[in-house]
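Database features (TrEMBL):
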- 13-32: compositional bias 'Low complexity' (COMPBIAS)
- 180-229: domain 'Kazal-like' (DOMAIN)
- 13-43: region 'Disordered' (REGION)
- 60-82: transmembrane segment (TRANSMEM)
- 102-120: transmembrane segment (TRANSMEM)
- 132-152: transmembrane segment (TRANSMEM)
- 277-303: transmembrane segment (TRANSMEM)
- 315-338: transmembrane segment (TRANSMEM)
- 368-390: transmembrane segment (TRANSMEM)
Amino acid sequence: NYQTITKQLIVGQQNPQGQQQQQQQGQKEPQGAKTNEDSGYGKDIKDIPLSMWRLVSNPVYIVTCLGACMELMIVSGFVVFLPKYLETQFSLGKSQASVFTGSIAVPGACIGIFVGGCILKRFQLKPKGAVQFVLVSNLICLACYGLLFFLGCENLKMAGTTIPYYNSSPAQHNVEPFQVNLTAACNFGCECHMFDVEPVCGNNGLTYFSPCHAGCTAFSSGSNYTNCACVQTNVTNVYTGAEGAQAQALNAHQDFAEVTVVPVATAGVCNKPCRTIYPFLILLFFMTFVVASTQMPLLMIVLRSVSEEERSFALGMQFVIFRLFGYIPAPIVFGNLIDSTCMLWKSTCGEKGGRCLIYDIEAFRFKYVGLCASIKIIALAIFIIDWWLVRRRKNLDQLNPMSANELVGSIISLDKLFEEKANLEGQAVPFNGECISGDSIVDTNSKRVLIASRHLRNDSKS
């Protein structure tokens, strides 16, 4: 045995560079791999229930996952229905709304994730600092949701839906209670159907569901409809000022003149200027950027809240939680909420079904943004609890100490040491249980083994 050790020491002195490389490779070996090999963690499927219980009983892990789940619930619900929101709120086409969604949400999320990782690395954020960063980001997003309540358009003035058909003065238009009804005396005999929206704009400033619902009986050149009975009932207007001066040629003895306008309707809606879409898109990009920047800090908190051997399983459990409580229920909740703002459903054989034809866009905006803000408040409360839990566990801000399994796995028995040295020579040198004298010239690793062998001399074989 002494001769074998002497030969190995001579070989080590002749090739010190190769020995240093082997030592560096041994030091660079992940401790988690050693731990898994020595402890047997994750090798048996029977350990899954115990592993799940260890994660469920970890408050920092569970609270962080729930907070991130609320964030993803907003993202999955908000982004899925964002094209419909843009289409109804700002009167955009389907393709145009989809282009805006993709060109704003996707780049904002990609840049946010990248910047969040850079901030995490640049400032060396620990779990406590990461939670504080997430809290500040949530407060900023919550303030942005408050601005979204005001970035929208007003309801379209459509006869029979947002306002009633009327044959009275403008002061009596808003009659309460009002119920959606596209049938009026002016179009009762037309037998109009509600297959799809074909809006026309009457020269009285009102939009009608279709030319039939406007009571139009003739079609002129271009896109104009004439002899519209529903438009005719409200075309008598009083003109004063400069317009009245033109009418005074007909009646010079009156201070005002009544002018009867021909009842005509033009294809399309009576648009009112609404230029809030550009501030909305800018704010949407900023909010997407801020939300995405919190993904890397949240991931770091999850990884630091569990032991090294549990990290792979913890990430898998996290995605299960995301899908159960985030991705799956979010479209259902948002979809039902949006359906509640529908004013007129497509009717088939007298039964409602299919799709919504007209939304109350103001109620749509308030409910849609309000739901996102409510979930954000819940997420903010969860992250406050998470900050309190992380603050109590001060060891999270320090390097994780080696566990007992890692310590046991790092102790190399004398038998294993001699087997490794014999393999280098292509020989197998058995160990007879004798202790080596401390006067021998050995490297640093051998010294640590000799110290350990003094305490483990009797059970070194085990």
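Numbering starts at 1 and runs along the chain as it is shown here.
Positions of Cβ are set from backbone N, Cα and C atoms, glycine also.
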Selected stretch (most C-beta pairs under 8 A with the transmembrane segment (102-120)) from 60-82, 132-152, 277-303, 368-390: 277-303
Averaged pLDDT score, the domain 'Kazal-like' (180-229): 80
Chain residues in Cβ proximity to the transmembrane segment (368-390) (below 8 Å; excluding those fewer than six residues from its ends, i.e. six or more beyond): 59-60, 63-64, 66-67, 70-71, 73-74, 77-78, 81, 85, 127-128, 131-132, 134-135, 138-139, 141-142, 145-146, 148-149, 301, 333-334, 337-338, 396
Same-chain residues near the transmembrane segment (315-338), Cβ under 8 Å, at least 6 residues beyond its ends: 52, 55, 65-66, 68-70, 72-74, 76-78, 80-81, 84, 302-303, 359, 364, 367-368, 371
Spatial neighbours of the transmembrane segment (277-303) far in sequence, C-beta under 8 Å, 6+ residues away: 60-61, 64-65, 67-68, 71, 74-75, 86, 90, 92, 100, 104-105, 107-113, 115-117, 119-120, 125, 127, 130-131, 133-134, 137-138, 140-141, 144, 147-148, 151-152, 311, 314-315, 318, 386, 390
